[in-house]
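Sequence annotations record features per position, and here Swiss-Prot assigns Zn(2+) 1 binding site to CYS230, CYS233, CYS286, CYS289. The annotation Zn(2+) 2 binding site is assigned in Swiss-Prot to CYS247, CYS250, CYS273, CYS276 on the grounds of similarity to another entry. Summarising the annotation, Swiss-Prot assigns domain 'J' to 90-154 and lists sequence analysis as the type of evidence. Per Swiss-Prot, the feature repeat 'CXXCXGXG motif 3' maps to 273-280. The annotation repeat 'CXXCXGXG motif 4' is assigned in Swiss-Prot to 286-293 on the grounds of a curator's inference. Look at Swiss-Prot and you will find 1-86 tagged as transit peptide, backed by sequence analysis. Here Swiss-Prot flags 217-298 as zinc finger, drawing on sequence analysis.
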Amino acid sequence: MALLQFGGTLAPKLGEKPQLLPRSPALTRVIYADPRFLVSKSGSGGRLKHLVSPTASLQSRTSSRLFNHAPSPRFRHRRSSRFIVRADADFYSTLGVSRNASKSEIKSAYRKLARSYHPDVNKDPGAEQKFKDISNAYEVLSDDEKRSIYDKYGEAGLKGAGMGTGDYSNPFDLFESLFEGFGGMGGMGGRAARNRPMQGDDEAYNLVLNFKEAVFGVEKEIEITRLEGCNTCDGTGAKPGTKPTTCKTCGGQGQVVSSTRTPLGIFQQVSTCNTCGGTGEFSTPCNTCGGDGRVRKTKRISLKVPAGVDSGSRLRVRSEGNAGRRGGPPGDLYVFIDVLSDPVLKRDGTNILYTCKVSYIDAILGTTVKVPTVDGMVDLKIPSGTQPGTTLVMSKKGVPLLGKSNARGDQLVRVQVEIPKRLSSDERKLIEELANLNKAQTANSRR
């Protein structure tokens with residue numbers, strides 16, 4: 001590694017000549033590329049504090065302001081007017097370990113964080129970037145040579161020595177290589193995991209029942225449309241007679257890494273390969289299913305609806321949903337119940353409500369009336385002296401308890417006493433006689 005002399009300072013040459021922004025004969029600042037680092041020297045007695053990559057120019061208004069104005073709170077003041085801008089990334093902080101941590105401690109910290117932030121487990125928007133940062137940090141700190149250079153010169157020193165982070169074409173490679181032999185991660189990452197059989201999606205069906213069907217249950221034949229395995233390709237999605245090849249877009253990884261250069265450095269984003277859909281393989285698609293391995297078909301199935309369901313009830317029929325991919329198990333069928341209302345009977349949980357109208361004469365003298373129930377017409381005795389609004393209970397005439405057909409609710413009958421607005425002369429005469437009799441009885445009771 002060549003050394004360049006600038007005044008009283010020797011600076012290693014990391015690929016290109018450092019840029020000089022002299023402000024005065026007594027103050028010379030050596031600037032290297034990574035915008036996160038500024039290397040400064042004041043006077044002839046100063047010494048080089050950090051090495052960084054020479055890829056960015058500070059010949060701009062932004063850079064000029066750095067030297068012509070007071071430093072921001074991010075700058076740490078030193079003697080002899082020296083200042084240092086620290087890098088935002090710290091591999092030790094990323095893994096949550098101290099700078100003197102052992103390799104086993106670093107490995108343990110990485111495994112714990114990688115499990116938490118792996119995109120297959122953590123769906124937060126920033127989890128994928130966090131996972132990449134963790135992988136980069138572990139890649140450096142787990143290698144003795146890289147760690148030594150990083151401790152001395154930072155990340156830029158690794159770049160200058162041709163040992164930058166990102167040696168793995170995909171951060172998932174590092175993750176998989178570390179967890180290989182530990183029983184896997186339950187389907188997290190990796191082409192093998194992404195090629196595993198996948199369970200099919202659930203299918204939904206809306207079923208409308210009348211009032212009595214919901215109360216007592218019914219057996220219905222329904223017609224559903226769902227995805228079933230393609231018979232032409234046996235569910236592989238590949239054209240018969242052809243063999244899958246490694247995807248050229250992702251190199252068989254199932255994921256691609258896109259890099260974007262910004263003023264703050266190079267940002268990388270990992271995404272599923274659009275060419276192979278994350279499988280890492282490319283096949284000539286089947287002419288029947290278009291490469292999906294499944295086709296949509298219609299099927300009639302017999303459904304037994306239990307007694308006691310209500311609007312909003314959901315029935316689950318196992319393995320009657322959409323077929324899985326690559327030979328995976330099918331999903332389930334969920335049947336959502338909607339119950340039509342009855343014009344006479346109302347439902348309240350497992351109880352049935354009914355309003356019975358009786359004349360004031362029947363309410364006074366008592367009577368027997370026929371009342372509609374889910375079991376048919378039933379005689380109900382109205383006791384004499386029944387008051388308006390009285391509720392009579394017809395035991396076990398309600399809705400069966402869902403899952404326990406031998407247990408039923410009640411039918412609650414609310415008595416509505418009808419008082420006539422008009423009376424005949426004979427009716428009025430009789431009621432007046434009754435009123436006079438009532439007055440006489442009241443007067444006698446007060447004596």
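Just so it is clear, glycine is given a Cβ too, placed from its N, Cα and C backbone atoms.
Structure coloured by features recorded in Swiss-Prot.
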| residue | record | CB count, 10 Å |
| --- | --- | --- |
| CYS230 | Zn(2+) 1 binding site | 21 |
| CYS233 | Zn(2+) 1 binding site | 23 |
| CYS247 | Zn(2+) 2 binding site | 22 |
| CYS250 | Zn(2+) 2 binding site | 25 |
| CYS273 | Zn(2+) 2 binding site | 21 |
| CYS276 | Zn(2+) 2 binding site | 26 |
| CYS286 | Zn(2+) 1 binding site | 22 |
| CYS289 | Zn(2+) 1 binding site | 22 |
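Among the binding-site residues CYS247, CYS250, CYS273, CYS276, the residue whose Cα lies closest in space to that of CYS286 (Zn(2+) 1 binding site) is CYS276. The DSSP secondary structure for CYS286 (Zn(2+) 1 binding site) is coil.
Surrounding the centroid of the Cβ atoms of CYS230, CYS233, CYS286, CYS289, where the record places Zn(2+) 1, the chain contributes additional residues within 8 Å, namely ASN231, THR232, ASP234, GLY235, THR236, GLY237, ALA238, PRO285, ASN287, THR288, GLY290, GLY291, ASP292, GLY293, ARG294, VAL295. Put simply, CYS276 is the one of the binding-site residues CYS247, CYS250, CYS273, CYS276 whose Cα lies nearest to the Cα of CYS233 (Zn(2+) 1 binding site).
Nearest in space to CYS289 (Zn(2+) 1 binding site), taking C-alpha to C-alpha distance over the binding-site residues CYS250, CYS273, CYS276, is CYS276. Here the zinc finger (217-298) is broken down by DSSP into helix, strand and coil counts: 0 helix, 39 strand, 43 coil.
Other than CYS247, CYS250, CYS273, CYS276, the residues of this chain whose Cβ falls within 8 Å of the Cβ centroid of the Zn(2+) 2 site are, in sequence order, LYS248, THR249, GLY251, GLY252, GLN253, GLY254, GLN255, VAL256, ASN274, THR275, GLY277, GLY278, THR279, GLY280, GLU281, PHE282. Considering only the binding-site residues CYS247, CYS250, CYS273, CYS276, the residue whose Cα is spatially closest to the Cα of CYS230 (Zn(2+) 1 binding site) is CYS276.
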